[in-house]
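Okay, so here's the structure we're looking at.
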Amino acid sequence: MKRERMKRSTLYFILLIVLLGFIVYVNSFFNGFVWDDELQIVKNPLIRSLDNVLTFFKGGTAYVEGQGTLGGLYYRPLSTLFFALLYVIFGLNSAAFHIFQVLIHIASSVLLFFVFKKFLGDKISILLSTVFLVHPMNVESVAYLSSLQTTLSFFFGIFALYLSLRSSNVSYKRLAIICFLLLLSLLSKESGILFLFFVICFFFIYNRRALLRVLYGTISVLIFYSLLRFGYAKKFTVSYPIFPISRLDLPHRLLHAPQAFLYYLSTFFFPRDLAVSQYWIFKSIDFLNFFLPLMISLSFLIFVVVAGFIMFKKKSKLFSVYVFFTLWFLISMLLNLHIIPLDMTVADRWFYVSMAGLLGFSGAIMSFFTKTKKKLNTIVLVVFILFLAGLSIRTVVRNADWNSNRTLFFHDITVSKDSFDIENNVGAIYASEGKWDKALAHFKNSARLAPYRAEVWNNLGAIYQIKGDVQQAKRDYEQAISIGQENTAYGNLAQILYYHENSETAYYFILRALKKHPLNAKLWFYLSLIEYDKGNYQKALEAASLSYSLEPNILNREIYTHLQKNEPINTRKYDVIYVD
């Protein structure tokens, strides 16, 4: 009878998580593709066919226009594979992508509930897992489609941990499933390596008889992952100096660690000012940006040690639980504090794994101090419910910010005021609306904040070209090309050379550029016009055919059709400018 009652209450708790998850995230289903979704999903032709599955395991996450490959700093093939599966089934339907991501987050919250339940009991576990479910810091992981890598990695990792603690008898079959899930977690995101550590930690603390077997399994996972990443994909860890924080050396990066640590803690408890693209760095070390955060962070760590010491002295069974989740939190936080170069100073989605650890050791503290104090138990419950209600409302509001690029960046620029990326994106929005002066102002701000970013100079050049300052536009395009990593600037510079200098200069520039960017549609487009001017109609047709196949837009189709039908072309009318 008691067992049936426990099963029924567990089922109710699961239904509560599922229902609450849908209530809080339902407004995100109506959001579009935002931010890097354009590179990873919308403008990524490789995800349109599962025939490219081997390509997913051979590159990065973002489609590199002009090269036809997947580039970027990271090796996360599983997220690209899931994008392809969703595209093949639902097409470019943003709602389907959003619903899938919310389902993964809800499933992870259910699994986290079972993990907490193993250590802390039903009531505290449901409170902790629902905080994880509805916390607005996790909106960046759930409503941002390109962060599928984060939710997938956590889902596979927490599933592996759940299977690890279900039984003390770890058969080879169960171990194989656990290792497979850990591999999937790693292939979703590099931080999946944390779950290998968590699983080993669990067996070291609770089940040492199976520890050696588990160690062999996790080593096998690392070997297989290394063969895929370094052997097959040739994807080695590279840090490009194109982000403010990653341009600093290790000692200067570590000076930002206390402030970053404090950001995550304070935002967890009071998530008011949420924003993407936080690239802030210190211009000088002072009390507010270093010494005060350092003192608060050290005070927090002292509290953690003292709480653990009290449990140890009382010989509480919760001590081992506390140690496990404290290690979870602290080790995962180390990855966020710039020991390894990162592209942003802080990012809410990086706290996804750490939040689970923080909730776990907080639950151990609550269990310890409320075990014999019913009055305190009631107070904690009331505070938690109020906290949950506030978090849920904040999450619904934050979901709305992620509706479109306009809603996201126009909101976040008021919070993250020195972000070159937000300035660049706001400039691009104004440019798409034909508000050239406003666009120019934001592109200039972006260039001031990050003069080493190629796309910023390309966008400045495009605005100057529109405004008729061709020479300034040319200088900006050349600056973008000299920095590198910018495909669009080549086509824009070819356009200026063709229309405002001479076709011969444009011709040789295009031939050189095509060696670096053989899949740049705009370069082939202007090459077809030059060949047409020269009377080389067959070469013009071949170039136009390539341009149209790479980018089947109206202009490319028009040129290709005219050449196919041997119709005359007015080459002077195709003066089209591209903004990133």
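Positions of Cβ are set from backbone N, Cα and C atoms, glycine also.
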Matching range for TrEMBL feature annotation, transmembrane segment, among 79-100, 211-232: 211-232
When you scan the chain for residues with a C-beta under 8 Å from the transmembrane segment (290-312), skipping those not six or more beyond its ends, what do you find? 255, 258-259, 261-262, 265, 282, 318-319, 322-323, 326, 361, 364-365, 368
With Cβ distances under 8 Å as the criterion, find the stretch in 175-205, 319-339, 351-369, 376-397 that has the most pairs with the transmembrane segment (12-30). 376-397
Looking only at residues six or more beyond either end of the transmembrane segment (211-232), which have a C-beta under 8 A from one in the stretch? 57-58, 75, 164, 170, 175-176, 178-179, 182-183, 186-187, 193, 196, 199-200, 203-204
